[in-house]
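Residues or ranges marked as active site, proton donor/acceptor by TrEMBL: B:Glu417, B:Glu426. TrEMBL lists B:Tyr309, B:Lys318, B:Tyr319, B:Glu374, B:Asp401, B:Met402 with the feature S-adenosyl-L-methionine binding site. Sequence annotations record features per position, and here TrEMBL assigns domain 'PRMT5 TIM barrel' to B:34-275. Sequence annotations record features per position, and here TrEMBL assigns domain 'PRMT5 arginine-N-methyltransferase' to B:282-445. If you look up TrEMBL, you'll see B:Phe312 marked as site 'Critical for specifying symmetric addition of methyl groups'.
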2 protein chains.
Amino acid sequence: MPVCGVPDNLYVGREYEKGTQDLRGLLKGASDAKFDFVVVSLFEKPRADKPYDHEGQYELQPSTISDLSLDSKTWSSAVVGKLSDCVNMAEAYTPAARERCRQAFEQELAWASHLGVYGIVLPPPQDASCHLYAAALGRVGLSGICTSQLMIRIPLLQEQVGVQVDGWNTWNRCRLLCDQSARLQVALELTADLPETDMELQRWLAEPVRAVFVPADSFLTNKQGFPVLSKRHKSFLMQLFRNKVQIILQGLPEGPGSEGETDKYLHYTARLFQSRPAPTPQEQFELPYHDYLQAPLQPLQDNLESQTYETFEKDPVKYVQYEEATFRCMQDKLALGKKNIVVMVVGAGRGPLVVAVRSAASRAGADVKIWAVEKNPNAVVTLKHRKLLEGWGNVEVVSEDMRYWDAPAKADIIVSELLGSFGDNELSPECLDGAQRFLAEDGACIPCKCTSFLTPVTTTKLWNDVKNYNDVAHFETAYVVKFHQAFYPTSDI
Amino acid sequence: MPVCGVPDNLYVGREYEKGTQDLRGLLKGASDAKFDFVVVSLFEKPRADKPYDHEGQYELQPSTISDLSLDSKTWSSAVVGKLSDCVNMAEAYTPAARERCRQAFEQELAWASHLGVYGIVLPPPQDASCHLYAAALGRVGLSGICTSQLMIRIPLLQEQVGVQVDGWNTWNRCRLLCDQSARLQVALELTADLPETDMELQRWLAEPVRAVFVPADSFLTNKQGFPVLSKRHKSFLMQLFRNKVQIILQGLPEGPGSEGETDKYLHYTARLFQSRPAPTPQEQFELPYHDYLQAPLQPLQDNLESQTYETFEKDPVKYVQYEEATFRCMQDKLALGKKNIVVMVVGAGRGPLVVAVRSAASRAGADVKIWAVEKNPNAVVTLKHRKLLEGWGNVEVVSEDMRYWDAPAKADIIVSELLGSFGDNELSPECLDGAQRFLAEDGACIPCKCTSFLTPVTTTKLWNDVKNYNDVAHFETAYVVKFHQAFYPTSDI
């Protein structure tokens, strides 16, 4: 049973180092200890007298004997299978031996697919260049023999030929060599030593990390003798929780009498997960929009719907600031001796700016005439209704496109909220330029200018979504996105 | 709150005949009476002095005043809006008047879209030919102004220019004129009189009926004074429930003191819905496959997965019959004085036929040698394991393709289960033909022949799914389908 949380639950698995022929018994034990799934090797180590570079036909050695060990529902919900090290081509010095390794890899993948296991874990690439590893992956793993997702196990820090390397570089190289296949995921191993900078940790947050191996030896022991994680380990894990990772506890004590020890690790993990603050209503509302490509609104071309107006009107900051700006502008006008102020709200929608202007006028004690110009006939229905219902005596509702409206007077103040998510993507210059005709010579526009900001971002999920369209156009399209699994590689300028 | 049921709930709405400006009050009343949504006219009737054929600009008359009457969540979950009769072009005798009707229709649709209502209901076509109605629909309703589904209200029997016509013909004509748009749905009106034959009722079960209007005057009064439906009405409604329709009670008594009366109708409907028998485990299992195009398996090209074998092996009839057939065949052989019987199971999978043959042999007291030929190496792992575990002393597992296998003996009996869903769609002739080589001259094949059956079927949902591929190839492709919303227009031959 998963660890309950809001908005999602945590699934915790346990890795067993030794193979077993009694998979059912193993699962029973893990389930009794409240683990959700187990991680086991699906294959026997090749016998010393028959290594991969042995001559002749390779013969598959499933460690779990046959698929009948479990029913298919259990295979697909409770067993994550590890493949052998053959994909690393270790010690395969001849082309024939390499071919044999690839054969072994192909048969292993086919068997794992046949079982329909919950997850497939590939061993960490042993060679920094990843060439042979990625070639085997591309030719076999991603070619159609198996259609499941594949997790590559990547330690945060890895010893490779005597040098300590950052696992992200290995993953990145491997991923690039496999043409960024969306079927590759990461099973990240939380090593006892972490990379030096937080930047090196943070960039994992944009990667497709599906599971995190937490080895028993990455835990410290606190004064009470309980296993705990260091502050840095803890905070990194908390960030990973936000990306809905699964946890796999690794290297726990095995054998009779070890249940109590094991339980401490699981308990600590569950408590850590549940210590996350509950999401605010705002965060809850945003959940379904995380990392999802949204087409920007086209309010000039399409009439907005009632629901869209309603969402915009909920903005807790914007209209307060608009009222304040309009209030000050009116004070300036009054100070210059102006008696009657003409305000034009262009793109009035259902009236939030009209309300802000009326409220500013009443605070400033100004005598105003307001023109509410709106081209969406459905929003005009609402404006007219509010004029009646709320007694907007000084408001004239105009059902026109501001670009073509024949204004009966010059405006002292033009108020608009046409700005898009990024600068002018809702065509505000095209519309507002048409409205300049009726701005008085000493008139003011609110807002009078705007600035857009740019930053590069790493986001594997969205990049793949765009890539799936299979054309250049979508890479050159602007989207509105609530980023979640993202990494910002640069600091502010 | 919907009426609870298994596997789905029932949503019941109430239609109000009169327009109201107090929509909030209306909803409160309906909700207190336990209705899930209301059905109301979104527009005022055109004033007598300003009918649609009146000159000049048409001006929209929303009956609910403004979108601010309700919040958008309520609009989208609790209000079904009826459009006015303008789409029928009634009494629009001049081209100008028709243009005005289309304008009205366009503005009404735009307003309904703006509100984002839960459903949009168009009035029944008044003219049997449906030409003007469908033209307006095609030009306006399905052209992009609005992207919601549109329900056309269709009475089962309808008076048109003094003649009673079957509503299905009207719907069918309208649908064809609109190029079978998948955005058109039916709001079926259960009239007091029903079409004569059950065939005429049944064909509705293949149509996209989303809601059913049940008028108060289609109810009878039973001895206790309660409203009940006739047997035929009841049985038709029960069939419609299977297609997840919503119910709209129509013409209920309105005004103070009518709550008790109203409740009887709702109560009857809920009881009827809940009287459906609970689905069997088999039906539950099949639910997600209803009306879904599945590509047939390609067991020759792809190796089947463990889970697929597991599903097949659950067949409660097949293997019993195979055992029986093999048993009788063995008896025949024994009667002819045969001592040792050679049986070849070609396409043995994980062994269900091997078990059936072994069991038949033991019943017949026959001395058999069984060859289990299987080309999927993953299934061979299972076969070998079962041979060991279950002591299949008389079984030889052969990891070969039957088409190329060099059989060491001739078979007295060849047993296979390669048949696809429709005749030879899993390439059984291609495979079994290759196996004829090793059948003894007096040998028998089980099965020795097969027959496939064909029947035409009406299924709007699947037809649209195929049409969406936008090519001819998909119309000429064989699919495996569990039909649900379907109608079989012919009887057995």
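Here the Cβ of each residue, glycine as well, is placed from N, Cα and C on the backbone.
Here the Cα atom of B:Met402 (S-adenosyl-L-methionine binding site) is found 21 Å from that of B:Phe312 (site 'Critical for specifying symmetric addition of methyl groups').
For the pair B:Phe312 (site 'Critical for specifying symmetric addition of methyl groups') and B:Asp401 (S-adenosyl-L-methionine binding site), the Cα-Cα distance reads 21 Å. According to DSSP, B:Glu426 (active site, proton donor/acceptor) sits in a coil region rather than a helix or strand.
A Cα-Cα distance of 15 Å separates B:Asp401 (S-adenosyl-L-methionine binding site) from B:Glu426 (active site, proton donor/acceptor). Taking the C-alpha positions, the distance from B:Glu426 (active site, proton donor/acceptor) to B:Glu417 (active site, proton donor/acceptor) comes to 10 Å. Within its own chain, B:Tyr319 (S-adenosyl-L-methionine binding site) has B:Glu313, B:Pro352, B:Leu353, B:Val355, B:Ala356 as residues 6 or more apart in sequence whose C-beta sits under 8 angstroms from its own. Cα of B:Glu417 (active site, proton donor/acceptor) to Cα of B:Lys318 (S-adenosyl-L-methionine binding site): a span of 9 Å.
For B:Phe312 (site 'Critical for specifying symmetric addition of methyl groups'), other Cβ atoms within 10 Å of its Cβ number 16. In this structure, of the recorded positions B:Glu374, B:Asp401, B:Glu426, the smallest number of CB atoms within 10 A of the CB marks B:Asp401. It is B:Met402 that, of the binding-site residues B:Tyr309, B:Lys318, B:Met402, has its Cβ surrounded by the most other Cβ atoms within 10 Å.
The Cβ neighbour count for B:Glu417 (active site, proton donor/acceptor), using a 10 Å radius and every protein chain shown, is 21. When averaged over the domain 'PRMT5 TIM barrel' (B:34-275), pLDDT in the model lands at 89.
Spanning the listed S-adenosyl-L-methionine site, residues B:Tyr309, B:Lys318, B:Tyr319, B:Glu374, B:Asp401, B:Met402 have a farthest Cα to Cα distance of 24 Å. The DSSP secondary structure for B:Glu374 (S-adenosyl-L-methionine binding site) is strand.
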